[in-house]
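Single-structure report; data block below.
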Amino acid sequence: IKLEETELNGRSNQSVVSEFIFLGLCDSWELQAVLLVIFSSLYLITILGNIFIVLLITADLHLHCPMYFLLANLSFIDLCLSSVTTPKMITDFLKANKTISFGSCMCQIFFGHFFGGGEMVLLVSMAYDRYVAICKPLHYSSIMSTQMCIRLVMISWIIGFVHSISQLAIIIQLPFCGPRELDSFFCDIPLVIKLACVDTYVLEMLINADSGVLATVCFILLLISYSYILLTLCHQSKDGASKAFSTCTAHITVVMLFFGPCIFIYLFPLNITWVDKFLAVFYAAITPLLNPVIYTLRNKEIKIAIKRL
C-alpha cells in the first residue's frame, strides 16, 4: 500500500498533459475562413512592413541616428512578437482540432514575454531619446552616443529575458493532469496557470506582480518623460515645436496601443471572454502592424527616405 501511495504521489507531481487544446476565436467554419484571409493578410503586411523599416533605416545614411536606430530595433521586435502566435493562429483556422504540445506552449509563453518585456523597455529608451533631444539638445550628441544606444538596446533584451525566464520558471514546474482546454488562440500564463492541478492563487499573485512591476515602472517612466517633453515644447518656437510634437505624437500613440491591452490582460483582467480575446488579438496581431504604419505616415524623414529609393 505504501509503495502504491508513493507511486501515486510521484505521478501527481508530474505534468501528465502532453498537449493543450485551443478553442480558438469562434466555432463557425465560414467565419474562420474569413478570419483566415484577414489575419493572413495582416500578418504578411506586418512582416513586410517591419522588414521594410529595418532595411530602409539600415540602407539610408540619413537615418543613421539614435532615434531611427531604436526604431529599427522596435520593428525587429514587432516582427518577432507577431511571429510568436499569429502563424499558429492562422494554421489553426484550417484545423478542426486546434492542439499545441506542452513544449510548444511553454515556448509561446517564453518568447511572448521575452519580446513583449523587451519592447516595453525599448519604448522607454525611445522616450528617453526624445527627452534628451528636446529638453537637452546641446548635450544630445554626447549623451546619445553609439555606445549608449547599444547599451539601451542590450538592456531591453536583458530585462525581457530575465522577465520571461522568471515567469517560465514558475509555470513550467506546475503539474498539469486534468483539463487541457484553453479558451484562446495562444498560450498565455493567465489561462494556462488555471489548468494546473494545484492551488495557484499565490503563484498567480506572484506572476501578476512580476508583470505588473515591469509594466507599471515602464509606464510611469514613459509618463514622466513625455510630460517633460510636452512642457518643454510649450516654450519652444512654433516651427521647432511642431516637428518635435509630430514625432512625439507618433511615439505616444504606439505607447498607448501597446500598454492599453497589457494593462487589461495582466494588471486589471476583465474576465469577459470576448473582450479578452479581442485584447489578445489586438496585442498579438494588430499592434505590431500599426507601429510601422504610424511611424511611416507621421514621420517626414521616413517619407523622404522612401522617396529617395
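Glycine residues also receive a Cβ, built from the backbone N, Cα and C atoms like all the rest.
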Between the ranges 110-128, 129-147, TrEMBL assigns transmembrane segment to 110-128
Of 185-203, 280-298, the range TrEMBL tags as transmembrane segment is 280-298
Spatial neighbours of the transmembrane segment (280-298) not adjacent in sequence (6+ beyond its ends, CB under 8 Å) are 25, 39, 42-43, 45-46, 49-50, 52-53, 71, 74-75, 78-79, 81-82, 84-86, 89, 112, 184-186, 188, 246-247, 249-250, 253-254, 257-258, 261-262, 265, 306
Stretch winning on C-beta pairs under 8 A with the transmembrane segment (213-233) (pool: 33-56, 68-90, 110-128, 149-176) is 110-128
With the cut-off at Cβ under 8 Å and a gap of six or more residues from its ends, the chain residues touching the transmembrane segment (33-56) are 25-26, 63, 71-72, 75-76, 78-79, 82-83, 86-87, 89-90, 93-94, 285-286, 288-289, 291-293, 295-296, 302, 305-306, 309
